[in-house]
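A.B. asks: Pulled these from TrEMBL:
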TRANSMEM  A:21-38  transmembrane segment
TRANSMEM  A:44-67  transmembrane segment
TRANSMEM  A:74-99  transmembrane segment
TRANSMEM  A:149-172  transmembrane segment
TRANSMEM  A:179-197  transmembrane segment
TRANSMEM  A:229-249  transmembrane segment
TRANSMEM  A:270-296  transmembrane segment
TRANSMEM  A:302-321  transmembrane segment
TRANSMEM  A:328-345  transmembrane segment
TRANSMEM  A:365-391  transmembrane segment
Amino acid sequence: MSDMTLSAPARRPLVLRHPSVLVFLTILALFTLGVTLLSEGAGIGAISTSFVKTLGKTLCFCLVALAMDLVWGYCGILSLGHMAFFGLGGYAVGMWLMYERTRMIVADSLAAAELPPTAQEISDGIATQIFGVVGASEFPPVWAFAHSLPLQLAAVVVVPGLLALVFGWLAFRSRVTGVYLSILTQAMTLALSLYLFQNDSGLRGNNGLSGLQNLPGLDDIPQSAVSLWFFWASALALGVGYLFCAWLVSGKFGSVIRAIRDDETRVRFLGYPVEGFKLVVFTLTAVIASIAGALYYPQAGIINPAEIAPIASIYLAVWVAIGGRGRLYGAVIGAGFVSLLSTWFTGGQAPDLVLGPLRIQWVDWWTVLLGLSFVAVTLFAPKGIGGLVDLAARIKSPDRHGADLGPDAGALREREADQ
Amino acid sequence: MTTLLEVSGVSVSFDGFRAINNLSFQIGEAELRAVIGPNGAGKTTFMDIVTGKTRPDEGRVTYGEKSVSLLSLSESRIAQMGIGRKFQRPTVFEDQSVADNLMMALKKDRNPFAVLMFRPVAADRDRVAELADEIGLSAALHRKAGELSHGQKQWLEIGMLLAQEPRLLLVDEPAAGMTLAEREHTTDLLKEAAKTRAVVVVEHDMEFVRRLDCKVTVLHEGAVLAEGSLDHVTRNEQVIEVYLGR
Amino acid sequence: MSKIIRHILFCLNCLLAAPALAQDAGAPIQELLQAHGDVIAKSSRKTIGPAIDALAASGLSAAQRVLERWQAKEMWRDEESGLFVFAEEIDRDTIRIFDPAGDTEIGAVADDGYKQLKPNSGIRGMIGAALVQFQLSAPDPATRATALDAIERDPEASHLAALRKAAGAEDDAALRTRKARLERLLTIRFDEDDAARIAAIESFAGDPAVDVRATLNPLIATRIEFAAEAPQGDDIARTLKPGGGALPRADAYALLVAAGVAPPAITRADKRDALVAQLRDGTVGGYRVAQLDTEAARDAAYARLAEAGRVAAVATDAEIDAALAAHVIFERFIGAPPAVALAARGALDAIETKVNLNRAADLVLDALSLASIYFLAAIGLAITFGVMGVINMAHGEFIMMGAYTGYVVQQIIPDYTISILVAIPLAFAVTFGAGVAMERLVIRWLRHRPLETLLATFGISIALQQIAKNIFGTQARPLTSPDWLDGSLVLNDIVSISYIRIAIFVLALLFLGLFLFVMNRTRIGLEVRAVTQNPRMAGSMGINPDRINMLTFGLGSGIAGIAGVAIGLYAKVTSEMGQDYIVQSFMTVVVGGVGNIWGALVGATLVGTMQKGIEWFNPSNTLAAQTYMILFIILFIQVRPRGIIALKGRAAEA
């Protein structure tokens, strides 16, 4: 994808320069159409509504994996915090969904009272409904905009964007790189999830937000239809996101961020403000992750701080690594493949494996298999599943003197040894 | 000839070891200069200081007509002001094509958003082709840099430096590991470059320095030991002592 | 002569079974009892006092015994002669009686002629108080100590005199101190003389003991009152401002309402209910129902109803403010006379300062023990990170493996002391083996790809965690510490530290020493340092870096295993326990600086102190403490990106 065709007299459109984009978009469109035709909501009903939701959620995972690939596979920042941004997007949308739905319920119940409710009574009613579980009955300040969908949608972009901007600025400014940076992003994620676990964080502590699958005012519309809407929206977001990422990495910007991944000192001596580039990529991908989360959680129905815990972000890295980082379709394949496989195994659908007297139940042993296969992929197939494409296309990667595709700017010791 | 870079009274120490000791150095606007010295003389540290990688403990480094101090500027800012550096080991971006490498180095706005919106026009592509021709890599324009030979990588890096259009070029051991023919080519490249800008070459190899045919500065223990033509400095008693031992 | 007669009579009595005659009716104790005989028999709490006092004050040696028997309901009275005897029941109808004078047995008799004295609990208490003075001067120190314990548990006014009497004669120094202290405490509570109380209070200034505070606190009890004018008098503790933190505005007004000096204010809910009750044909107070969707409209409608006299008038906000402004609300001391209360408050303030100091000391101990846990957990990580540049995400799982090893050993060896002694080396061996295996199978092949190492070790981490879950289940397993590690070292009522924590602290010090010894004094340490600084050079000098890396990794993992046993002793063993420590361990390494044992030490101290320090400011919230600590560390990295103890020099400039 990196080839910049200079000999061509005029630049051809992006999709022609990178056939993989066209292939991907076609497959995505066919997939969306196929699922729609097989769904309960708009087709013959071969795919259950819950599976449509699973597929829709998987598409959201694919989108956040794209973001992860951009920041890690292309820019070399192994962020263990992108699932936190994903969760923040979910919280932002979830707050409106929960507020609006509760408001309708409260308004309905108060409408039956003798006197028409005052604004205060409605607000108190909603607050009691929402915060009763954490023993509060007043709206915390973070809910100031929860009544407005546009403002909460803006929050999907602004809140994770700002957090990423501030965190990234602090981290990159002090030239923290490599594993140090990964640990720092992990700490940020842990801090955020611990904060949200508190009851006085204003976001219902470990209860999280629930009932998000019910769209306010649309109670009459069956979930089979709603699930399709979200499926389409997720597919659209993934398509647009893919196109955007492909555009981003195809030009000089992509060239520079890959150069930063491979040798950021050298890029600095070329005159590029490395920290600025990293910050742009980090923030941009945080926003993409947040948008993916905003689409995911209405399909999942519930969000709680456990979803933000560092482990989720590490799984995200696992998906991208298994799919093959440094290539956009790799991230999508990895996220789709691993998360669907995970659903299949942990859902108890996989048949038990009988090894003589041992009976392996996949519900228990899937995580072990995932962990070990992840080690195996790292060791034996660093290019992941996407490497199969290279094998098929007989692309040979250049000899990079043992340093495999991937960032190692953080190899503090290696650098010291090189001095 | 006006002075482009002036380093005066610079000292830096690592853990008590004085790598640079009250070093003063000047170079004019279109000058080729060779810096020689035994291992540990502070040649690389000197370059690190000029390019902003290492902050000196004391001293001044000023650059350009307005005598801007470089000490508080970031590496990228210094590079943008027109100081280019070539490392000892060839460092090109091996995962990307020769054309991509050169395109990245072209003198353009380095701001992330400008880079994001940048799309090469015909003039840019012509310039890349021209540079490739100059460094003898026209045929390899679309090959990945990682596939090039060691010498070709050195040239690509010099080409990238030229693409930056720097006013001051710092070159660290450009001839290391090159064949004789390649050395000659490199000498020509550097001499050509020095016609329009200042070039500082750090080198061990006396033969190579002789071929450059320029003023030579000898560093020893972090300070200037001697300066002048190669013949002049090689006759210097102290220099002989330092190079050959007592 | 009379003796002989008496003896004969006694024998006769025995034969005739008329034992009352055998009693020494003239003994002083019996006479004393007889003097109060009716009162004692009546057993009324109101009147019994003088009788008990007389017995207690009699100075008779038998008095104590009488009181004890009486209290134990073992004293009976001969209904005929009125004489008192001790008795124990033999069966339903027969009792064996004793003479109170000498506690000599008289014989078994039918209980028909005797009436048992059954003092109620109140009287028994009074008897007990009277007995205290005997116990306080009992010859056996243990009895005296028991008596002091009893007083401390449940002090009474009457104890004070007894204590004062007994204090002088005490010859055991420790008991004398206790008695004197108790006497002062009782003086504070019960003495009639204010000057004596104040003197006693002042003698306790700065004593942080719980009993002192418990004694002083009731003295400064206050009651909230109000008056039109600012009150004079030294029993005013302070004046209160309505709406301040100590007295919410609604509470202040409720005070006025309760005293009947102000009309009631009602809540919004009550107002709404009142309006609903007055609802007629869709209107109320001249307003249509649909209009009543704001508080202002409801207030107006209610006011109109009040004007019409259909609902009680209520205070408006302005009236409430006026009423509050017209009164001064203050607290009056009710627990003690003002001078005593003020002295108590002064003493409590002084004690408070002392208590805070002690709490700080306790906090420092807590922080130290937390720091030593973090140090133990982080030291292995610091070694592998420092020597090999490898972040081992499975480090937490090695801690868990160590803890489970300890658990399994305890299942096999029931003796806790032996099992711990076996578990520690075994845990080291198990995790050392696991570490070496991991290094050989995975990490070696990912040299110089630190991010991939991080992810691969993470894969191992989730696999190990799930395997532990599959084997041991999800519930927490106990790792029981031996008896000699139970309990705490108590310095005073505030400062204490459990022996386990001390043991962990010692263990941490031990490891620090061991590590320093190995690194600086042994061949292997020399080789490790060589490989750390320059692996290629070390390799060319005949050191096998692969072997060193393997050993280093094993060592780091082995220490994690031992840390696991230590942590398991005071926390529960679960498959997720490693995760609880891994981030803090990373923080420790990051803050302290890489590749340096002192860095890990300083980092652990800082992280532990910080966490405890933040908890001190916000004690209810451990989660918040962790959040703020992590934020602090992120900011800390800005100032010192390479940690507190950073490698300096050219190498670190890269």
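Placement of Cβ uses the backbone N, Cα and C atoms for every residue, glycine included.
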A.B. asks: What residues elsewhere in the chain lie close to the transmembrane segment (A:302-321), defined as a C-beta under 8 angstroms and at least 6 residues from its ends?
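C.D. replies: Non-local partners: 61, 64-65, 68-69, 72-73, 78-84, 86-88, 90-91, 94, 185-186, 189-190, 192-194, 196-197, 203, 205-212, 330-331, 334-335, 338-339, 370, 374, 377-378, 384.
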A.B. asks: Between the stretches A:21-38, A:179-197, A:229-249, A:270-296, which one has more Cβ pairs under 8 Å with the transmembrane segment (A:149-172) than any other?
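C.D. replies: Most contacts with the transmembrane segment (A:149-172): A:270-296.
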A.B. asks: With an 8 Å cut-off on Cβ pairs and a sequence gap of 6 or more, do the transmembrane segment (A:21-38) and the transmembrane segment (A:229-249) reach 3 or more such pairs?
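C.D. replies: Contact between the transmembrane segment (A:229-249) and the transmembrane segment (A:21-38): present, because at least 3 Cβ pairs are under 8 Å.
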A.B. asks: Taking the transmembrane segment (A:179-197) as the reference, which of A:74-99, A:229-249, A:270-296, A:328-345 gives the largest number of Cβ pairs under 8 angstroms?
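C.D. replies: Between the candidates A:74-99, A:229-249, A:270-296, A:328-345, the best contact partner of the transmembrane segment (A:179-197) is A:74-99.
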A.B. asks: Same-chain Cβ contacts of the transmembrane segment (A:229-249) under 8 Å, 6 or more residues past its ends?
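C.D. replies: Long-range Cβ neighbours of the transmembrane segment (A:229-249): 1, 14, 18, 21, 24-25, 28-29, 31-32, 35-36, 39, 52-53, 55-57, 59-60, 62-63, 66-67, 69-70, 74, 257-258, 284, 288, 291-292, 295-296, 298-299, 328, 332.
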